[in-house]
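Let me begin by presenting the structure, written as structure tokens, before commenting on it.
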Amino acid sequence: MDRLSPEQLNPSIYVGLRLSSLQAGAKEAHYLHSLKLSYQQSLLSNDNSDSEAKPSMGQLALYLLALRANCEFVGGRKGDRLVSQLKRFLEDEKGAIGHNHQGHPHTSYYQYSLGILALCVHQKRVHDSVVGKLLYAVEHEQHLQQGHFPVDTLAMAGLAFSCLKLSNLNPNQRNRITVALGRVQEKILKAQTPEGHFGNVYSTPLALQLLMASLRPTVELGTACLKAKAALLASLQHKAFQNPLMISQLLPILNQKSYVDLISPDCEAPRVLLEPATETPSQTQVPGFIHVTLKVSSISPSYRHSVSVPVSSSLEDVLKKAQEHSRFRYGTQASLSGPYLTSVMGKKAGEREFWQLLRAPDTPLLQGIADYRPRDGEAIELRLVGW
């Protein structure tokens, strides 16, 4: 098996598998070995000429979670450098937020929370001022984008708070952490939909991880969790989970686990060996085609073009086809959840902008370009929006 780059390797997959009731045998050990080779070489290299190839704060945090999922504590010279790098990331983000809390992280509060969580499970303390920025953001959500945190960001912040509370790494902040954790749980419970999801189907696994890790379970919380699990099982039957990152967040839930369990992972727990998937032979059929209309109104002149692609094509396939046969152009950037749009028709998203995917007229897509599969006759709009 060839070595993969940090962008191609996904530590979240390893974390999810280790917190599940499943194991992949020798492949699992090989995957961790590949992670270590790739991440340590890229992060510990003195060559700064290819900074884009170096893992982001979120990727580094997930790598540290993967090490802890294998019951490893970071240590020694190499481990200390990894910890120092993640702390530098957090300090840079703290500086971007500013003393008056009027700024924003370069990445997101989701990655900021993930970084704190990763250091916490390794028993590495971060400064009170770093934790304080996240506490303030949860306490004063009104100044954030659209006045609130998305559910998955709330859940990740809550997981970080849960770890900090259990580990007592920041005793001076303990009371604020306890209050903020309760606030996060309350807001997530209020975000439950009639169908049972917290926010939407893809933010529900992380929300459930947080709620299941609650130190004060209540009847209301238990009922909400049971309803959410039932909704997730129904979504699984409809094959809603195709993205590896989303699946990796779901696997611990099915085993009654959460990222907080990485404080003291049970690496001796029995896990069932995964069997290779087998496909049932089917009769050869000529694939059908669908017609999708692609629209871009955030540029002048606006763009509108109909594209014909095979059934079950992804939105990314539609974009590629449009680029081949029209004036359409687009750019992407790799992330752990798949490629995301960075530019359309030569127009790049600014610092506080992104290219939103909508099913016409105004329904935001919950999946990325690699995961969403349009239906015949749909119109998809790419819209540049601020946040």
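Glycine is no exception: its Cβ is also placed from the backbone N, Cα and C atoms.
Here is what TrEMBL says about this protein:
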- 107-111, ASP152, ASN200, GLN249, 340-341, 355-357, LEU365, TRP387: cyanocob(III)alamin binding site (BINDING)
- CYS120-CYS163: disulfide bond (DISULFID)
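All features noted in TrEMBL, drawn onto the structure.
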| residue | record | Cβ within 10 Å |
| --- | --- | --- |
| THR107 | cyanocob(III)alamin binding site | 17 |
| TYR109 | cyanocob(III)alamin binding site | 23 |
| GLN111 | cyanocob(III)alamin binding site | 23 |
| CYS120 | disulfide bond | 29 |
| CYS163 | disulfide bond | 25 |
| ASN200 | cyanocob(III)alamin binding site | 15 |
| TYR340 | cyanocob(III)alamin binding site | 16 |
| TRP355 | cyanocob(III)alamin binding site | 22 |
| LEU357 | cyanocob(III)alamin binding site | 20 |
| TRP387 | cyanocob(III)alamin binding site | 11 |
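Taking the C-alpha positions, the distance from CYS120 (disulfide bond) to TYR109 (cyanocob(III)alamin binding site) comes to 16 Å. Reported as a whole number, the C-alpha separation between ASN200 (cyanocob(III)alamin binding site) and CYS163 (disulfide bond) equals 25 Å. Calculated from their C-alpha atoms, the gap between LEU357 (cyanocob(III)alamin binding site) and CYS163 (disulfide bond) amounts to 34 Å. For CYS163 (disulfide bond), the nearest neighbour among the binding-site residues THR107, GLN111, TYR340, TRP355, TRP387, judged by Cα separation, is GLN111.
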